[in-house]
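Straight from TrEMBL, the features:
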type: TRANSMEM; residues: 33-53; note: transmembrane segment
type: TRANSMEM; residues: 81-106; note: transmembrane segment
type: TRANSMEM; residues: 112-130; note: transmembrane segment
type: TRANSMEM; residues: 142-162; note: transmembrane segment
type: TRANSMEM; residues: 174-192; note: transmembrane segment
type: TRANSMEM; residues: 204-230; note: transmembrane segment
type: TRANSMEM; residues: 250-275; note: transmembrane segment
type: TRANSMEM; residues: 287-304; note: transmembrane segment
type: TRANSMEM; residues: 310-329; note: transmembrane segment
type: TRANSMEM; residues: 341-366; note: transmembrane segment
Amino acid sequence: MNMRYLAALSTTVGTIVGGGILALPYAIEKSGFFEGIALLVLIGFASILITMYTGELSSHFKKLHQLPVIISKYTGKRLRVLILIFQVLTIYGAQIAYLTGIAFVMVFLFHIPYSVSVLLVFILTLPLIYKGYKFVEDAELPLLFIKIALIIAAALSVLTIVKDANFYNYNLTSLFGPFGIILFSFTGYTVIPEVKEELGGVKQLTSVIVVSYIITLLLYVFFSFAFVGAFGPTVSTVATDGIHSVYYEILFSLTTLFILLTPYIALSLVLADSFTYDFGIARKPSMFLSLAAPFAIAFFEFNFESILDVTGGIFISILAIMILYAVFLERKKREKKHIKYLVPGGVYLIIFTAIVMILGLAYTVYSII
């Protein structure tokens, strides 16, 4: 395994495994553990396809571009602003959730007001974000190992109190209830243009994507098994809030910090890059646009789980549908032999993935109304 492959793998897994994992046990328990895990596998498979389709679209670009330019190449420039809006809303939603989660950890650790903790998080992370990808790349691999180790440690710490009865609660009326949070938790397509650059092409892209999602799925199943089994219907919206003792609270606080901090920084950079490279906005205004709105909105203490649900179920679903539409148009314009990175399965897998996204989107909108 060469260093390029390992770097690409760590970038992909590090992007996918973020704050969504903390809300997964709560979301899965509400529909029933086994039903929730089945939905986890289904959406995981659909997410692999969406991520690969993003790779197919980006394979025809020599320079680094983000989704608005990549998708609009096939759908037309008129849709570029609309695509940017949904990408901004998606990343803003994630940033707000991550800022909120980190701030609550700081409230617990240092006993400071929530608004002060949000301000501190913003000030402390600003230099890291301004340093750009060099910092993220240098710290990514060690931070990923620490993050995975803490997730496993948190899950192992509650295995002794797992009860079989907690796995047999189910609610068929909420079968699609976890959709938004699960889709959010599996979102990795935003980083594919960077991963393609790290690999130096698309030759190993399929392997990186599939291996990344297998690692993520196994981690999610184990984490959900531990916390649903331990707490059942009482599992918290942020799973690591479940036990109140000094040892567990410190362990879970550190776990939460590591899970939320790196994707918050990475997503801020992705959005700033999109403003700079795709729309020609100067670097400092781009940084301001990528950080100011989430910072201001985070002061209002929104529910962590609700932010993830809306972001995943609505904004990410719509972006995924746009990606699928762009792939459909691309394949109408190009012969297969001229597509540099062709995802197998033909139109049938595109339709399958679109149906999953549309059903999830419809359910999320219906549940909000």
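Placement of Cβ uses the backbone N, Cα and C atoms for every residue, glycine included.
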Interface present between the transmembrane segment (250-275) and the transmembrane segment (204-230) (three or more C-beta pairs under 8 A): no
When you check the transmembrane segment (341-366) against the transmembrane segment (33-53), do you get at least 3 Cβ pairs under 8 Å, counting only pairs 6 or more apart in sequence? yes
Within the same chain, where does the transmembrane segment (142-162) have neighbours whose Cβ lies under 8 angstroms from its own Cβ atoms, ignoring anything closer than 6 residues to its ends? I mean 6 or more beyond. 10, 13-14, 17, 21, 219, 222-223, 225-227, 229-231, 240, 242-243, 248, 251-252, 254-255, 258-259, 262
Out of 174-192, 287-304, 310-329, what stretch is closest in contact terms to the transmembrane segment (81-106), meaning most Cβ pairs under 8 angstroms? 287-304
Under 8 Å, at least 3 Cβ pairs, sequence separation 6 or more: does that hold for the transmembrane segment (310-329) versus the transmembrane segment (174-192)? yes
Other than its close neighbours in sequence, what residues sit by the transmembrane segment (33-53), given a CB gap under 8 Å and a spacing of at least six beyond its ends? 24, 27, 166-170, 172, 175-176, 178-179, 182-183, 186-189, 192, 205-206, 209-210, 213, 216-217, 220-221, 224-225, 228-229, 320, 323-324, 327, 343, 345, 349-350, 352-353, 356-357, 360
